[in-house]
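Read through the structure below, which is laid out as structure tokens, and then see the notes.
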């Protein structure tokens, strides 16, 4: 017999559902307005359009699956998936909300085209707030670890992987320099392991690992923190050594890229530190 889909209206009327509806409408508004201008050249415009379209499609799919209660048929941890996606969407939309206006909106903004770009930017910012509200509403309460990716360490895993992707997009001119190549190795190794943790959690594969997983994660966070600490020192040391900022330095200038990687490395260092603190508390400090 075939399973009959039932309609669960709470998927749309709950606070999480309302936040998702706002995200769908606002992301659709953002990419529609930008598409109407015809100005979203590569690479930054293409990234922003992809972000709005991707978040619109996936969030709409999530709403439909929850409305028809079909998500239970999927071979994955639904709560972990939705928590990870909402965090990823918030980060992607935030990046687009910063990149798009800084790249495409010029001052003074007094044309019809610029007005549409400004409204699209506003819609993108509000869309980020909608996803941020969803993250806060679905975040696990202290002591609840039934859905790992909705806990603070789980959300930080998504943040760490995303920041690593941003670092990869800025890497340039590191070949032949052992110090910089070590930093790239750090970014790559930590990204791969963090991504595997996310994928295995969503796919419910971590339960098959015959080890005390929580303690392994604490050990991994400690090693990742040490590795990022070396990258935080070595990257700016070898990138800027004997090289000053060029007089004409545009968006694709090597100096700006190296500076961006430096700040993103510091962000991930802080993220792994907070991750280690929270993971240690969850494993070794039991709530009464």
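Every residue, even glycine, has its Cβ placed from backbone N, Cα and C.
Predicted automatically and left uncurated, TrEMBL annotations should be read as such.
Pulled from TrEMBL, these are the features on record:
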type     : residues : note
DOMAIN   : 11-143   : domain 'MARVEL'
DOMAIN   : 148-284  : domain 'MARVEL'
TRANSMEM : 12-35    : transmembrane segment
TRANSMEM : 47-65    : transmembrane segment
TRANSMEM : 85-106   : transmembrane segment
TRANSMEM : 113-133  : transmembrane segment
TRANSMEM : 145-168  : transmembrane segment
TRANSMEM : 180-202  : transmembrane segment
TRANSMEM : 217-238  : transmembrane segment
TRANSMEM : 258-278  : transmembrane segment
Point to revise | Positions on the same chain near the transmembrane segment (217-238), where near means CB under 8 A and six or more residues out | key: 153, 160, 177, 179-180, 182-183, 186-187, 189-190, 193-194, 197, 258, 261-262, 265-266, 268-269, 272-273, 275-276, 279-280, 283-284
Study note, to complete from the structure: Per the Cβ under 8 Å criterion, with at least 6 residues separating them from its ends, the transmembrane segment (145-168) contacts 77, 79-81, 83-84, 87-88, 91-92, 95, 135, 138-139, 187, 190-191, 194-195, 197-198, 201-202, 206, 217, 221, 224, 260-261, 264-265, 267-268, 271-272, 274-275, 278-279, 282
Point to revise | Helix-strand-coil residue split for the domain 'MARVEL' (148-284), DSSP-based | key: 108 helix, 0 strand, 29 coil
